[in-house]
Amino acid sequence: MSVFEHPSFDNHEKVLFATDEQTGLKAIIGVHSTASGPACGGCRMWTYPSSTEALNDALRLSQGMSYKNIMADLPIGGGKSVIMKPAGDFDRVALFEAFGRAVESLNGEYISAEDVGVSPADMMAVRRFTTHVVGLPEGKDASGDPSPVTAEGVFRGMKVCIERALGKTDLSGVTVAIQGAAGHVGSYLSGHLARAGAKLIITDINVDGLERLKAEYGATIVGLDEIYDQDADVFAPCALGSIINPDTIGRIKAKIIAGAANNQLATRDMGAEIMKRGIVYAPDYVLNAGGIINVMGEIAGDFDPAWVQGKLTGLEQTLGEILDQSDKEGRPSNVIADEIARQRIEEKRVAKLA
Ligand code: NAD
């Protein structure tokens, strides 16, 4: 397994491989950039088939956090950690304590929060060994579960896209197909959309969660693979990454792709394929920054909900500017967003060295 030659390696400042035999911890912490401040991003626990896949996730996701944090104009850099979920029974508290010791070894260069497969309670175990952890469920400035704010940001950004692509300022009669609707973000997003008058088509592997959404919002449930073929105005990926790929892109009939999932595009050139089909794409890391904005309120101390709301308005504006530039230059929105992010990170890096 190569690291420096890895296709997802992007001059990451540090990559830490942390193991602990007693607890079974196998973690990789990617510190992509500290140009704007300590590298901040969630910890994901997943059953990875091998450390190659885990490394790929750590490298891609930490780079994505740098882009996300700079586009939301937050004074933090980008990092992410992954834990390879141990097979069979394991002591969850001990595992996250060991992870806390690994985070502490970076002396504040990386600040962890929760991501897929990790809960605020797990972060309390991490907290026993390091102060460089946020997204805690309790404490003076605890911001708790970031998902409701992520969902609000996705909802607000989706409305920006709907106004552009469909010329509508309200959501009545707009159909949204949500992948991962029963998840943390997906279920809050479903609530926002249903209350605003949208029709929902939903899928998830969590069947009970789907039934609840059907009962509450009258949503239509479809099979996992059928979600791509729906006659919807918006496709909202809120599960896992790489779901916009050569096998799925031709099946999507929606005029808009806007969802919470990280790394939605399997490859960067899928952005051009999306544009060719006349679909408006909201770059994932711009749209889903609500959670990290909320977490930033905790890092800053003195948690201020009004500041968070102001940042969500900024998210809408940034998205609008990217889509404007994409229209004007006839280039994909993901490419425009990446360029702006890289330029801003470079400016911060140079300023930090000066
Ligand atoms: P979650 O684990 O709560 O939800 C994901 C949902 O997707 C689950 O309900 C799961 O059952 C479902 N799912 C898994 N595989 C599926 C498949 N093949 N088809 C359909 N559904 C499937 O996670 P979450 O916190 O809601 O995050 C969702 C996505 O948004 C992730 O990609 C995450 O990285 C991203 N994200 C989340 C936040 C946040 O604040 N939680 C912030 C930014 C980005």
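Cβ atoms are placed via backbone N, Cα and C, with glycine included.
According to its DSSP assignment, LYS80 (active site, proton donor/acceptor) is in a strand. Marked as active site, proton donor/acceptor by TrEMBL: LYS80.
For HIS184 (NAD(+) binding site), the same-chain residues that are 6 or more apart in sequence and have a Cβ closer than 8 Å to its Cβ are ASP145, SER147. DSSP gives HIS184 (NAD(+) binding site) a helix state. Residues or ranges marked as NAD(+) binding site in TrEMBL: GLY180, ALA181, ALA182, GLY183, HIS184, VAL185, GLY186.
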Residue, out of the binding-site residues GLY180, GLY183, GLY186, whose Cβ gathers the largest set of other Cβ atoms within 10 Å: GLY186
Around the Cβ of VAL185 (NAD(+) binding site), the count of other Cβ atoms that are within 10 Å: 29
Local Cβ density at ALA181 (NAD(+) binding site) - other Cβ atoms counted within 10 Å: 30
Cβ contacts of LYS80 (active site, proton donor/acceptor) (under 8 Å, same chain, 6 or more positions away): ILE29, GLY30, HIS32, GLY41, GLY42, CYS43, ARG44, ASP57, ALA58, LEU61, SER62, GLY64, MET65, ASP115
